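Features as listed in TrEMBL:
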TRANSMEM  73-97  transmembrane segment
TRANSMEM  139-165  transmembrane segment
TRANSMEM  171-190  transmembrane segment
TRANSMEM  211-232  transmembrane segment
TRANSMEM  238-261  transmembrane segment
TRANSMEM  298-322  transmembrane segment
TRANSMEM  328-355  transmembrane segment
TRANSMEM  367-386  transmembrane segment
TRANSMEM  398-424  transmembrane segment
Amino acid sequence: CSVKHEYKGEWSEKTRLTTCDPQAKRAVTSSESPQEVEETREIIFTYDVEFQESDVKWAYRWDTYLLMADDQIHWFSIVNSLMTVLFLSGMVAMIMLRTLYRDISKYNQLETQEEAQEETGWKLVHGDVFRAPANSDLLCVYVGTGVQFFGMILVTMIFALLGFLSPSNRGGLMTAMLLLWVFMGLFAGYSSVRLYKLFKGTEWKKITLKTAFMFPATIFSIFFVLNALIWGQKSSGAVPFGTMIALVLLWFGISVPLVFIGSHIGIQKPTIQDPVKTSKIPRQIPEQAWYMNPTFSILIGGILPFGAVFFELFFILTSIWLHRFYYIFGFLFIVFVILIVTCAEITIVLCYFQLCSEDYRWWWRSYLTSGSSALYLFLYAAFYFFTKLDITKPVSGVLYFGYMLIVSYSFFVLTGTIGFYACFRFTRLIYSSVKIE
């Protein structure tokens, strides 16, 4: 309300208003003279605070801000993703229970040499299917990094699901993720060296160094450039230089040693034995149908994993870029499980078709098939930028696409590793089930 406040003497920080004095128990009433506003007239602004006792318990104080008005949409997205998973599971079940069972029975019943020579399908490439791929070192590094990322996400989700990461502790989620990333370096070194040893590699220390530095250095470089842009704008949102130094110390002081410890443990373990022997001369790959073209099948494979997280991705982007809370980790955990299953199943299905086409180069393709979902994530982020956000400054646009590039790259490493391990288990399972003369 408008009140013409009055006071005695000269104005200072300790001046008391005669129109509103709590010690004299004088309160403002509606009968007070209103304040006239003129160019040279003094205006005094006041406010009152009244505290009222609430029945809400301390543990539930954030519930008002975290109420979900759109939980129906979340449930719809979950059901949509589950339908995708059920469809894929049906395909995988058909391949595993009917086609594969029939194939294995037929292969194991072949009696004569002539029958064995006339065999077709995935058994033909048994002498090449476990041959080390091109750029196997790089694959080992990416698989190790993916295991590190998977461990970080999984443990973070579980902690958030159990309520350990409260929205009242700002930055708690990011701090937890960074610390978990550092400590998961142990599993990164172990996984990359175990795979490297399978490929009969000897320079395990070089692989360990690449695992410890390649992915973090790429992310840190992009982040440093983006942070420099924020510094240039003199924004308070920039990460302080001291914090950047602390991140580097965490990386070099804890993560790198843990990667080496994990690698040392991995190199001591016995080499994983292939279920079939690899021939000395590589088999010639026949001409493939257009739909089995590597680029086409890889791009097709990424659609379903992206579709599984599409709806939830919209809410996450809205929370990040439109400054809203996102703490519905129950839904997010379900979507994460659906993503794992979808990545595994679509990669297994496409891998089976590829082996039946007598193309044994499945190592990289299994990684890229599910990993290509990151491309669709980045394209959707660009679509979201132009349709939902009202960003006009060039620096803000660069920041958006820079951060989304980091997210997409991380998503590529995560989903690619899930698809790779699914195919790894699948191929070893089917080739250990047939008799090879």
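Counting starts with 1 at the first residue shown.
From the backbone N, Cα and C atoms, a Cβ is placed for every residue, glycine too.
Automated prediction, rather than curation, is the source of TrEMBL annotations.
Outside the transmembrane segment (73-97), and at least 6 residues removed from its termini, the chain residues within Cβ reach (under 8 Å) are 304, 307-312, 315, 328, 331, 334-335, 338, 341-342, 345-346, 348-349, 352. Within its own chain, the transmembrane segment (238-261) has Cβ neighbours under 8 Å at 178-179, 181-183, 185-186, 188-189, 208, 211-213, 216, 220, 224, 227, 230-231, counting only residues six or more beyond its boundaries. In this chain, the transmembrane segment (367-386) does not touch the transmembrane segment (211-232); fewer than three CB pairs sit within less than 8 A of each other, excluding pairs fewer than 6 residues apart. A Cβ distance under 8 Å defines the sequence-distant neighbours of the transmembrane segment (171-190), meaning residues of its chain 6+ beyond its ends; these are 144-145, 147-149, 151-152, 155-156, 159-160, 165, 208, 211-212, 247, 250-251, 254-256, 258-266. Long-range contacts of the transmembrane segment (398-424) within its own chain (CB-CB distance under 8 A, at least 6 residues past either end) are made by residues 139, 142-143, 145-147, 149-150, 153, 215, 218-219, 222-223, 225-226, 229-230, 301-302, 305, 321, 339-340, 343-348, 351, 362-363, 366-375, 377-378, 381-382, 385, 389, 391. Most Cβ pairs under 8 Å with the transmembrane segment (298-322) belong to 367-386, among the candidate stretches 139-165, 328-355, 367-386. With a threshold of 8 Å between CB atoms, the same-chain residues lying at least 6 positions outside the transmembrane segment (139-165) that come near it are 133, 172-173, 176-177, 180-181, 184-185, 187-193, 195-196, 199, 201, 207, 210-211, 214-215, 327, 329-330, 332-333, 336, 363-364, 367, 410, 413-414, 416-418, 420-421.
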